[in-house]
Amino acid sequence: MDLEETRLPGIGLRHDFVTAQGRRVGVVSQRSGARELVIYDPLDPDACQAVITLTGQEGEVLAELLGAPRVVERLARLREQIEGISTEGLLVAEDSPFAGRSLGDAAIRTRTGASVVAVFRGGELIASPRPDFVFQAGDRVVVVGTEDGVHAVAGLLADG
Amino acid sequence: MHVHVATFFVELGAVLFGLGMLGRLAGRLGLSPIPLYLLAGLAFGSGGLLPLGAPEGFLTTGSQVGVILLLLLLGLEYSAEELVGNLRQQAPAGLLDLLLNGTPGLVFALLMGWPPVAALAMFGITAISSSGIISKVLTDLGRLGNRETPTVLSVLVIEDLAMAVYLPVLTSVIAASGAWVATRSVLIALAVLGVVLLVALRWGQQVTRVVSGGSDEVVLLRVLGVALLVAGAAEAVHVSAAVGSFLLGIALSGELAHRVQGLLGPLRDLFAAVFFVFFGLSTDPGQLPSALLLALGLAVVGVATKVATGWVAARRAGVGPGGRLRAGAALVARGEFSIIIVGLLTGPVHDLIAPTVAAYVLLMAVVGPLAPRLADPLARRLVVRAQARAASSAPGSASAPASTPASTAASSPGVHPDVIRTGRQDR
């Protein structure tokens with residue numbers, strides 16, 4: 001299966017491929033987080049026959065229904081494999097002192113020994129965030145460390 | 001004094017509320033609000049239907065802020081890498097676009113006997129499509145997934161980049177008197193531009209760090225502050241405030257750019273509306289009838305040359321005849337840039353220029369969103385004809401299912417240069 005990736009300057013990315021039955025299907029990922037599921041016209045392969053606009057959340061649900069392996073589930077499996085390592089997806093609440101502040105400010109690894117490996121935001125995964133990454137309320141922060149360490153991060157995100 | 005403040009608020013309030021209603025009307029009709037804002041400006045100006053005096057001071061400053069915000073947010077949409085990458089791949093199509101569409105304006109101005117500065121301005125006015133209108137129309141019509149769309153967007157990127165070079169050249173030519181002074185200030189402007197672009201490419205991260213972090217309020221104030229500072233500094237060396245803020249937008253990248261777009265978007269919309277009204281205000285509506293015929297001629301040529309541009313650019317990318325026509329029709333809209341350019345022409349260059357451009361943009365901002373819709377049935381006919389021709393030239397494939405063209409298009413030699421084949425396997 002050939003997956004084609006095309007940049008749409010100023011808008012986002014488009015991925016498309018031809019199914020075994022000869023239909024071309026694509027997904028337009030807009031920077032705003034919105035997704036468009038497009039089905040190409042069999043008569044005119046350059047045009048879309050149907051366009052279905054999905055919010056970030058709807059896109060996530062559809063992906064799940066189509067059976068995409070979810071990162072969190074895989075992390076859960078990883079946790080079972082390695083004893084002594086704990087992984088948790090922690091929510092940055094509205095009233096968290098770190099909403100609007102950077103990862104560097106929080107100094108999580110120095111203070112707890114646990115590492116932030118990824119952040120889920122609006123259905124998107126931001127892997128290995130850098131120190132200048134700014135937390136927003138509603139982010140789900142994936143943390144890996146000892147059980148105590150992960151627990152300490154939860155406290156840190158809640159109370160500072 | 002008290003009475004003055006009262007009339008100021010009432011008049012300004014009436015103008016803004018009126019614009020809001022016009023914008024809603026435009027949305028209902030599926031048109032761009034720009035022509036309606038221009039008409040509102042013409043109506044409120046001296047000699048118009050409903051002359052307003054008081055808010056002029058606010059509108060003057062507001063319109064300048066509007067230009068800065070328009071260009072800042074435009075710059076934010078692109079990263080420096082994206083611009084350079086596009087330049088490499090789409091340079092021939094972009095060059096064709098600028099020559100094919102700029103030349104009619106240039107020739108027109110010279111035929112009218114307008115001075116060379118005006119001719120240079122007319123080149124830009126007819127060449128530049130409105131990326132704002134076009135990306136909105138493509139989204140509204142559900143054409144983001146179409147295979148000609150990357151070509152259309154790439155042409156727009158090249159145009160925006162060309163503007164970054166063109167605007168400082170134009171402003172320094174306008175400011176200078178005499179050939180030698182003009183050449184010198186153009187060279188200075190281009191040198192400054194080069195340095196700023198280099199900074200954006202090399203040290204974009206550091207520039208971003210200066211303004212990132214903190215609450216929304218703090219980021220908003222810092223970004224707006226830096227934008228005005230940069231715009232002012234650029235204006236001081238005759239590189240035009242607009243270009244300064246465009247380059248700042250390019251330098252800001254990643255997560256911050258995303259955030260700033262959300263914060264400044266509504267502010268941009270407000271001040272951009274003020275900008276269009278102000279341009280209408282400063283145009284003499286009495287000149288409009290005589291300018292309309294000239295503008296109509298320019299518009300007819302402008303539609304034809306843009307359609308030709310889109311056709312050629314899409315063919316280069318291996319798109320079929322239907323998509324080529326759609327690409328051309330999508331590119332027709334002109335708008336904010338044409339008005340920004342004519343707004344730079346300070347002083348009395350020629351009475352007819354501003355009304356002609358106003359009428360031209362009025363026409364093109366209305367025709368622009370309509371053209372892709374009108375071209376659609378025609379594009380469909382082209383597709384059917386191409387199918388019939390393909391079927392008759394290859395008799396063996398006449399009974400093949402209709403689903404094969406998708407794969408033939410993908411394997412055609414001219415696949416769009418932006419396409420990266422990943423060939424990912426199922427995991």
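Glycine too: its Cβ is placed from the backbone N, Cα and C atoms.
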### Query
Taking B:213-231, B:270-288, B:384-402 as the choices, which stretch does TrEMBL tie to transmembrane segment?
B:213-231
### Task
For the transmembrane segment (B:6-27), find every same-chain residue at least 6 residues outside the stretch whose CB is under 8 Å from a CB in it, and list them.
33, 36-37, 40, 44, 52-55, 58-59, 273, 277
## Note on the structure
Between the transmembrane segment (B:117-139) and the stretches B:91-111, B:213-231, B:325-346, B:352-371, the largest tally of CB pairs under 8 Å belongs to B:325-346
#### Entry: Interface present between the transmembrane segment (B:293-313) and the transmembrane segment (B:352-371) (three or more C-beta pairs under 8 A)
yes
### Message
Is it true that the transmembrane segment (B:58-79) and the transmembrane segment (B:325-346) have 3 or more CB pairs under 8 Å, sequence gap of 6 or more?
### Response
yes
### Task
Determine which recorded stretch among B:151-175, B:181-201, B:213-231, B:293-313, B:325-346 has the most C-beta pairs below 8 angstroms with the transmembrane segment (B:91-111).
B:293-313
### Message
With contact taken as 3 or more Cβ pairs under 8 angstroms (pairs 6 or more apart in sequence), are the transmembrane segment (B:293-313) and the transmembrane segment (B:34-52) in contact?
### Response
no
### Message
Applying the under-8 angstroms CB criterion, which one of B:34-52, B:151-175, B:213-231 scores highest with the transmembrane segment (B:325-346)?
### Response
B:151-175
